[in-house]
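For 110-516, the entry in TrEMBL reads domain 'Major facilitator superfamily (MFS) profile'. Feature annotation from TrEMBL assigns transmembrane segment to 21-42, 151-170, 177-196, 202-225, 237-258, 264-282, 347-368, 374-395, 402-421, 427-450, 462-486, 492-511.
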Amino acid sequence: MPSFDEVLKEAGEFGRFQKRVFFLLSQTGITFSSLFASVVFLGRAPGDFWCRIPGAAELSERCGWTLEEERNFTVLPLHLGNESASGECERLDVSWDPSAGCSSPLARHGNQSTGSSPLAPCRDGWVYQQPHASIVSEYDLVCDNAWMLDLSQAILNLGFLAGAFILGYAADRYGRIPIYLLSCLGVGICGIIVAFSPNFTVFMIFRFLQGMFGKGTWMTCYVIVTEIVGSDQRIVGIVIQIFFTLGIIILPGIAYLIPTWQGIQLAISLPNFLFLLYYWVVPESPRWLLTRKKGEKALKIMRNIAKHNGKFLSPHYSEITISNEEVSNPSFLDLVRTPQMRRNTLILMYAWFTSALIYQGLVMRLGIIGGNLYLDFFISGAVELPAAFLIIVTIDRVGRRLPFATSNIVASIACLITAFLPEDIPWLKTTVATLGRLSITIAFEVVYLVNSELYPTTLRNFGVSLCSSLCDLGGIIAPFLLFRLAAVWLELPLIIFSILAAVCGLLVLLLPETKGIPLPETLEDVEQLPSHFGKCGKKWKHRDTNSYI
């Protein structure tokens, strides 16, 4: 009986069929990255706002004031009495009488209008010049409630974390395609509910769920793409990252054209319903079917792939070799049960955590500070495009391990140099920091590919999902680490980033090199992968040279 890789080679390792599936599933990267970064525009500053004084709304309506006139009557008297008071988080402790005159509503308070009146916190809400521009103005996430905006992003990351565990496990047990389609449906429905949430509590609950389902779409589509191509074509795992970057680049254009946060939320959520059409054009992963003892279905799909690729499978193929490994429900113990698996899992978990922490930290530092929010965000996304192209031209020539380690080391050096560069040469400081971001982006994209290549088919989706969950943990910690350490010394976060990246660069050298080697099907295959520093395990047949290593 032929092995799966032998049948795949005969059917076409990256023919017309795989290219079509790759292109369709890659669109998931655009919607997922838009969800990932959407808080920048959903939670953008609402423009001018000020405390609402009791009775002001009724008087403003009776007098026919514009917002600017109401602001002048509300904030100007406060500012005259206390120049440090902005009127955003405190107000004059007075109540307006609706019967007061329209020209001087505070006249009856006499000298109190010049500042002798005591101040009071905002208890009656705020007035916004752009009331529905963002969730900040929609749910009053200002002043003492400003931390709740950060919480909304933390909740999204927690959803990603939950999705990695729950849906990663489900995809290995019930199949890639059913979980992918369920996740797409969940993202779309939850996204609509988020857009029309009547209060912040409902918003948070369904933002968490949208994050959970969003992670399911991204991780599952990535695994499907890497499982239906040959080992020589697994570079598609890097190319698919370009679509993630495209989502980052497209998002500011969407936000620029749509003035309300509800519109932006719907624009990034509704396309997920279109992915449900994939039910008729994207098949289940034949690798996964084999691990579930469904060889006939797998062979039927392989014949269909061969037909679309203009190939022909031998009619003598009655079934494909199925591993003798007993299939069970995957668990974390399966990822650390054997020495090679244990080492791979721990190193990959650290690499995911480090990449996410440094990536988000550098984004916030270089940030999109001042200037044009839309243009700056676009440029920050465009910076990531060279990363994928650099990987594409190197990874099949020198392998995975060297670019993985080098990118982390370069990021470490760049962070260290940036920390000690003087402030009077900002262009050089920004350039070196940008080099650090480009390098850590390369590391971030390589870890996706390496992670999927180092787990057997029975554990691949669960392993990728579990390890990548450390990415979400890093994303939650990054802002707290950055701002707390920066309060001690502005450059201290860069020192920490440098240390973390240097350690990661050394650790990944201990991982097996997977260039040109078939995807492992069983735990035994993983244990016999060519080991680090030139040691060899099982005699794998190298796909490039047709020799044994």
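Here the Cβ of each residue, glycine as well, is placed from N, Cα and C on the backbone.
Locate each feature and note its surroundings.
Sequence-remote contacts of a segment are chain residues at least 6 beyond its ends whose Cβ falls under 8 Å from one of its Cβ atoms, and for the transmembrane segment (202-225) they are 21-22, 25-26, 28-29, 31-32, 35-36, 135, 139, 151-152, 155-164, 166-168, 171, 176-177, 179-180, 182-187, 190-191, 193-194, 236-237, 240, 269, 272, 275, 282, 285, 448, 452, 460-461, 464-465, 468, 472.
Under 8 Å from some Cβ of the transmembrane segment (264-282) lie the Cβ atoms of residues 20-21, 24-25, 27-28, 30-31, 34-35, 38, 41-42, 177, 180-181, 184-185, 187-188, 190-192, 194-195, 210, 217, 224, 251, 254-255, 258, all in the same chain and six or more residues away from its ends.
Sequence-distant neighbours of the transmembrane segment (374-395) (same chain, 6+ residues past either end, Cβ-Cβ under 8 Å): 37, 40, 235, 238-239, 241-242, 245, 248-249, 251-253, 255-256, 363, 366-368, 403, 434, 437-438, 441-442, 444-446, 449, 515.
Within the chain, the transmembrane segment (402-421) has long-range Cβ neighbours (under 8 A, six or more residues past its boundaries) at 351, 354, 358, 362, 391, 394-395, 428-429, 432-433, 435-436, 439-440, 442-443, 446-447, 450, 491-492, 494-495, 497-502, 504-506, 508-509, 511.
Residues of the same chain lying 6 or more positions beyond the ends of the transmembrane segment (427-450) and with a Cβ under 8 Å from any Cβ of it are 222, 226, 234-235, 237-238, 241, 348, 351-352, 354-356, 358-359, 362-363, 365-366, 383-384, 386-388, 390-391, 395, 400, 403-404, 407-408, 410-411, 414-415, 417-418, 421, 464, 468, 497, 501, 504, 508, 511, 514.
Long-range contacts of the transmembrane segment (462-486) within the same chain, counting only residues at least 6 positions beyond its ends with a Cβ under 8 Å from a Cβ of the stretch, are 150, 154, 157-158, 160-161, 163-165, 167-169, 171-172, 215, 219, 222-223, 330, 332, 334-335, 345, 348-350, 352-357, 360-361, 364-365, 448, 451-452, 454-455, 492-493, 496.
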How about long-range neighbours of the transmembrane segment (237-258): same chain, 6 or more residues beyond its ends, C-beta under 8 Å?
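Answer is 22, 25-34, 36-38, 40-41, 44, 221-222, 225-226, 264, 267-268, 373-375, 377-378, 380-382, 384-385, 387-388, 391-392, 395, 445-446, 448-449, 452.
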Would you kindly list the residues that approach the transmembrane segment (21-42) from elsewhere in its chain, counting only those six or more residues past its ends and only Cβ-Cβ distances under 8 Å?
134-135, 149, 152-153, 156, 184, 187, 191, 210-211, 214, 217-218, 221, 224-225, 228-229, 236, 239-248, 250-252, 254-255, 261, 264-265, 268-269, 271-272, 275, 278, 281-282, 368, 373, 377
